[in-house]
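K.L.:
Pasting the feature list from TrEMBL:
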- 31-336: domain 'Major facilitator superfamily (MFS) profile' (DOMAIN)
- 25-48: transmembrane segment (TRANSMEM)
- 68-89: transmembrane segment (TRANSMEM)
- 96-114: transmembrane segment (TRANSMEM)
- 126-143: transmembrane segment (TRANSMEM)
- 155-173: transmembrane segment (TRANSMEM)
- 179-200: transmembrane segment (TRANSMEM)
- 260-287: transmembrane segment (TRANSMEM)
- 299-320: transmembrane segment (TRANSMEM)
Amino acid sequence: MSTEWEGVEAKKPLMAARNNRASSIWVVVASTAVAVAGSFVFGISVGYSSPSQEGIMQDLHLSLAEYSVFGSILTIGAMLGAIVSGTIADRVGRRCAMAISDVFCILGYLLIVFSKNSVWLDLGRLSIGCGIGLLSYVVPVYISEITPKNLRGRFAAVNQLMICCGASLAYALGTCITWRTLAIVGVTPCLLQLVGLLVIPESPRWLAKIGHSGALEEALQKLRGKETDISEEAADIKDFTEKLQHLPQSKMLDLFQKDYIHAVTVGVGLMVLQQFGGVNAICFYASEIFVSAGFSSGNTGMLAMVAVQIPMTALGVLLLDKAGRRPLLMVKKDTR
């Protein structure tokens, strides 16, 4: 009898540890879910112009050239937002940066909802672009800074999955609701994210960067669980941040030195070549492209894109940590 009791007592710490890990991972999951609401907005914004084209051109009497400006001006706003995204995220924090991007997106969608001419449309689309440009940086950074090392790749890939889901929702809903109503749909995830940002923890690495050691440990404890010993991880974060701040100030030209040029070429080249593939242009004008290709309706082609895009992105999320980054990149390039 005593042996059985000792066995039960021995299992209690293990059960407590499992429960602690389970509760802590849900904090990471919830925080990631709030962050990728921004990715969902990104996707809706990219997919918005395609199903809305016919309705907007008819209601506001726009020419094809005017609508083309509306569709593509998003990228100009995104470029502007991306340029200042790092500075904003470092100065005000990851959560506040996401809140700022939500304000830009909400303002942009409201301008579209109440637009009477192409000027309002373009200003709204430009504002949304600034918002998603900021989101494109801060969301993956926040996710990578709150997740444990063994889950980082998979969680970070959810960012791209939600972009695909947002674009797919825009394509699907755009076939059955008006363009003004679809713009209101774009506001919804922004509002949900603003509420969620009030309760999720700030990035421990950013807190370390600004010297808030107490807040760092509090946020890290919340992310890892109340009973988890965070002393080693907190020390690693502080040590890394301190070393980073003491590095000599680098210049843009330093990237072209012999030691760095290969890595820079590979990293930047992958992003540039991906854009040269024309994926954004296809997303912006998918409906018109499918009609020009001979489809009776652009909606059929857009729904076909949805049917392929989400499952393949979800597969990438599942394989990222198991197969590695390089093999998946090679498969992606070979299938284009």
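Any Cβ shown, glycine's included, is placed from N, Cα and C.
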K.L.:
Sequence-remote contacts (6 or more beyond its ends) of the transmembrane segment (179-200), Cβ cut-off under 8 Å?
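P.N.:
Distal contacts: 30-31, 33-35, 37-38, 40-41, 44-45, 48, 51-52, 55-56, 59, 95, 98-99, 102, 105-106, 109-110, 112-113, 128, 166, 169-170, 173.
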K.L.:
Which residues of the same chain, at least 6 past either end of the transmembrane segment (126-143), have a Cβ under 8 Å from a Cβ in it?
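P.N.:
Beyond its ends, the transmembrane segment (126-143) has Cβ neighbours at 31-32, 35-36, 38-39, 41-42, 45-46, 73-86, 88-89, 94-95, 97-98, 100-105, 107-109, 111, 152, 155-156, 158-159, 186, 203.
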K.L.:
Can you check how the pLDDT averages out over the domain 'Major facilitator superfamily (MFS) profile' (31-336)?
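P.N.:
Per the prediction, mean pLDDT sits at 86 for the domain 'Major facilitator superfamily (MFS) profile' (31-336).
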